[in-house]
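What follows is a single structure, written as structure tokens, with notes after it.
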Amino acid sequence: MASRIWKAITRKKKFEGDSHLDTNLRRCLGLMDITFLALGQMMGAGIYVLTGTVVRNQAGPSIVFSFILAGIAALLSAFSYAEFGARFPRAGSAYTYTYIGFGEIWAFIVGWTIPLEYMIGNAAVARSWSAYFDNLLDNYVKNTTIGIVGELSQPGGFFSTYPDVLSFVLICLCACVIAIGSRVSANVNTSFVILNILVIIIVIISGMCYADFNNWTGTTSDGRSNFFPYGVTGTLTGAATCFFSYIGFEVLATAGEEVKSPHRTIPVATFLSIGVIMTLYILVSSTLTLMVPYDQVHTTAPFAEAFDARGCTVVKYIISIGALVGLTNNLVTGVFALPRSVYAMADDGLLFGWLAHVNSYTKVPLNAIVIFTLINAVIALIFDIEALVEFLSIGTLFAYSFVSASVLVLRYQSAPIDGDEKRMDGGGELSSWIPARNFWESLPSGTSISLAVGALIASFFWLSFTFRTGFYESWYGQMSIGFNGLCIVLIMAFILGHTQNSLKTNFKVPCVPFLPCLSLLVNVFMMSYLTTATWIRLFVWMGVGLLIYFAYGIRHSKEAKRLTTIADIRMSSTFPNKNNRIPKT
């Protein structure tokens with residue numbers, strides 16, 4: 001029984017020939033379409049949602065470095081996404097890549113976190129949109145709602161002080177746009193992105209006219225640095241939160257089944273979008289913190305309030321309108337990606353099959369759009385934005401780590417020679433100097449690398465824990481670091497002792513295994529700087545998902561049916577007659 005369950009949860013997804021290009025969705029998006037799709041997803045959240053909260057509560061002006069660190073971490077992960085996006089252009093993104101590299105159970109866990117990340121991100125964006133819109137009306141909507149239904153909770157709690165009806169309606173309207181079809185969604189998105197870039201340029205130029213470098217220099221009344229008011233720890237915590245600002249490039253992978261020429265288009269769009277958005281984040285966050293002291297930054301409408309404090313009413317309204325456009329655009333792309341992440345799991349049989357239904361006319365997963373939009377809208381209606389912000393990054397970092405790890409696993413597995421599945425290269429073979437070589441080679445393909453990667457991640461977590469808790473300051477903490485460092489070196493040597501496969505693709509991650517391992521290290525360090533409450537919420541969500549998987553997904557998996565079919569074919573070819581007896585000669 002245990003053996004059957006183990007085989008079931010560790011089965012890996014396989015694509016035969018060019019079957020990874022087969023899709024029920026319509027391939028209609030080009031390079032500029034998906035580049036703007038990624039920019040639209042990143043611009044709204046990073047600039048209009050996270051900036052105020054991170055500056056005020058986590059990093060202060062050092063948010064500039066937070067964005068740089070988060071951008072570097074995103075770039076490292078982007079290499080892995082670009083390789084997978086070019087090689088397997090499927091709607092599931094990190095879920096599909098983990099399914100190929102590590103197996104079904106880990107794929108489900110990763111896939112289950114992705115819809116949550118999109119729902120929380122969309123809710124945070126919708127509530128920020130509502131705050132900007134209400135700011136233009138002098139909080140008329142907020143005051144009227146509280147006057148009618150009263151307050152839900154006290155400020156600072158997990159729930160919002162009042163039900164945000166505007167957020168609920170906005171998410172539903174965006175879903176209606178998405179339901180029309182991908183081509184219409186892309187056109188709307190491109191128009192919004194261009195308009196948003198113009199507004200951001202106005203923000204930077206106008207804001208720099210009021211720059212006060214005293215906001216960056218000197219110390220506060222209690223002796224803290226004005227630039228690093230929360231210390232280096234605050235900067236790193238801010239980087240972990242800001243990481244969510246870059247998840248737009250994952251939208252490229254999520255839209256993989258609707259991209260024309262995905263093998264070339266996805267890698268180019270990935271790096272182009274990250275380069276543009278990192279530059280904008282650095283300029284915009286610098287402008288805000290030079291205009292306003294960090295402890296006076298408004299958390300939900302930072303730029304509008306900053307210009308209002310300077311008496312620039314016209315610029316305030318331009319920014320508010322631009323913010324509404326940017327946030328609407330961000331929400332459109334977020335709502336676009338959400339049902340596609342669900343569709344991929346449902347199409348594989350791990351979630352309920354009716355969620356994979358594709359409308360015959362619009363060619364979009366309509367059932368997934370309706371169900372998850374309603375859940376998303378309820379989250380936006382009742383939850384507080386500041387309680388949601390930190391939870392945005394953990395699932396994303398978790399998924400990105402698995403994608404980087406999957407690159408390592410697949411790079412050291414045998415691959416078909418010239419596409420011929422019957423002729424495999426020497427990928428995964430061990431060097432003669434590896435201890436217990438015969439034992440490792442007796443294991444199923446990829447097992448030794450998977451174990452090595454798991455041990456490496458555990459070592460990275462222990463190392464990050466040592467620094468996060470200050471444990472490194474003691475002599476035994478330093479000994480622990482030395483021992484951990486030795487383990488990491490030995491694991492890396494073991495990985496290098498494997499032969500890489502010779503598979504040729506349009507894009508491959510360079511410097512393997514070092515670059516994916518560096519990506520893993522950075523992601524693990526950022527995860528360690530998130531709060532305990534954030535981890536608890538993640539594990540609760542995972543627990544709910546695992547109940548669904550073991551109650552439904554494990555029995556309806558299409559990969560299980562594929563393996564059963566292959567076994568039946570092999571059996572019938574071995575025993576061709578009805579009685580399963582070899583005929584006499």
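Every residue gets a Cβ built from N, Cα and C, even glycine.
Sequence annotations record features per position, and here TrEMBL assigns transmembrane segment to 63-82, 94-114, 165-186, 233-253, 265-284, 317-343, 364-385, 391-412, 443-463, 475-497, 509-529, 535-554 (among others). Residues annotated as domain 'Cationic amino acid transporter C-terminal' in TrEMBL: 507-557.
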Proximity verdict for the transmembrane segment (509-529) and the transmembrane segment (233-253), three or more C-beta pairs under 8 Å:
yes
For the transmembrane segment (391-412): best-contacting stretch of 94-114, 265-284, 317-343, 475-497, by Cβ pairs under 8 Å:
94-114
Could you count the residues of the domain 'Cationic amino acid transporter C-terminal' (507-557) that DSSP puts in helix, in strand and in coil?
40 helix, 0 strand, 11 coil
Mean pLDDT for the domain 'Cationic amino acid transporter C-terminal' (507-557), as a whole number?
89
Does the transmembrane segment (317-343) make contact with the transmembrane segment (443-463) through 3 or more Cβ pairs under 8 Å, each pair 6 or more apart in sequence?
no
Counting Cβ pairs under 8 Å that are 6 or more apart in sequence, does the total for the transmembrane segment (364-385) and the transmembrane segment (165-186) reach three or more?
yes
Could you pull out which residues elsewhere in the chain have a CB under 8 Å from any CB of the transmembrane segment (233-253), counting only those six or more residues past its ends?
34, 37-43, 45-46, 50, 53-54, 58-60, 62-63, 65-67, 69-71, 73-74, 78, 81, 84-85, 89, 93-94, 97, 117, 121, 259, 266, 269-270, 273-274, 277-278, 281, 333, 336-337, 389-390, 392-393, 396-397, 399, 525-527, 529-530
